[in-house]
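Read the structure below first, then the notes.
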C-alpha cells in the first residue's frame, strides 16, 4: 500500500476540520469526499456547530408562486413543466399581477421573509418581461417583503431591467455538477447556467443557486457542485430532493432517504459554512419534513407549495423551526 493510500484511508478528524473552517479554511474536494464515510451522527453534529458559529440561530424562510406554468422548451428530465413529457401539468401564461400580489401579501402576513416569482421556460421574452417587471414593481410598492424571482437564462440586460423594478435576488439552480449535467438536460448547457448566474451578479443581483439530489449522480458530483457554488460566491443554496414525476424520464428513480439528505446537507455546510443551506423541493417526502436536516447544517427552507407539487404549510414550518430554537428573521444580503 502506498503512502497516498494510507493518507486517503486515514480517518478524518471532524473536530480538527471544524476548527480549521472556523478560522477561514476552505476544505478541499479530497477532504469533502472523506466526509461521505464519516459517522453520520458525528458529521451532522459538527455541521450544526459550524452553522451556529457562522449563522447563529437565524432561519431564512421563503415562498414561491408558479407565475407561468408548463409549455417549457427545455428537456430537464426531472421536470413536470417540460413540453417534452406528457405530465398533464397545468399550463398558463404569466399570471395577472393582482394574483401575484394577493399571494405575496398573504405569505408575508403569515411570516414568510422572501417571496419569489417563478416562471417556466428557458427565459422570459417580449411582453413577458414587462409583465413580470410590473408585478415586481407592484410588490415592492405594496408590501414590505423581500422580492425574489426565478426567470431562467436571462442576459445582463434582462437582469438590469428587473433590478430597476426593485428585484434584488435572482434564483437560478445549477441543478447538477458539470460532469452530470448532460445526463439531466441537453437543451441548454452547464455553461449557459454559469453565464446567467454571472450576468445576474454583474447586474448587481444576489444569486440563489443549488440543485437536485437523487437523480442518479454520485457523491463526487454532489461535492463538485457544492464547490462550484462556493467558487461562485453563492450564499443561498437550495437543496432539493428529487420528487419523481410520472411520465418524466426520472419517474422510476427511488427517492433518497432522510439519512442521505442529512449527509448531503452536512457536507454542504462544511463546504459552504457561511451560506444559508435551504431545504426546498422534495422535503414533503421526508417523514420528519426536514426536521433532522435542520439539525444537520440546514438553516433555511422554501415553505408552502412548490411549483407543481404540494408542500408544507407556512404555519407548520414556523412551528417546527421555532421549536428547534431558530429565529425566523431576514439577514440582509
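Heads up, the Cβ atoms here are built off N, Cα and C, so glycines get one too.
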Same-site residue for [2Fe-2S] cluster (record: Swiss-Prot; known: 116, 148, 278; options: 44, 55, 208): 208
Binding-site residues (72, 76, 79, 148, 208), the one with most neighbouring Cβ atoms at 10 Å: 208
Residue 72 ([4Fe-4S] cluster binding site) to residue 148 ([2Fe-2S] cluster binding site) - Cα separation in whole Å: 21
Neighbour count (Cβ, 10 Å) for residue 116 ([2Fe-2S] cluster binding site): 23
For residue 278 ([2Fe-2S] cluster binding site), nearby residues of its own chain (Cβ under 8 Å, 6 or more apart in sequence): 60, 62, 208, 210, 236, 237, 238, 239, 298, 300, 301, 302
Where residue 148 ([2Fe-2S] cluster binding site) sits in the secondary structure, as DSSP reduces it to three classes: strand
Alpha-carbon distance [residue 116 ([2Fe-2S] cluster binding site); residue 76 ([4Fe-4S] cluster binding site)] in Å: 21
Residue 79 ([4Fe-4S] cluster binding site) - helix vs strand vs coil (DSSP): coil
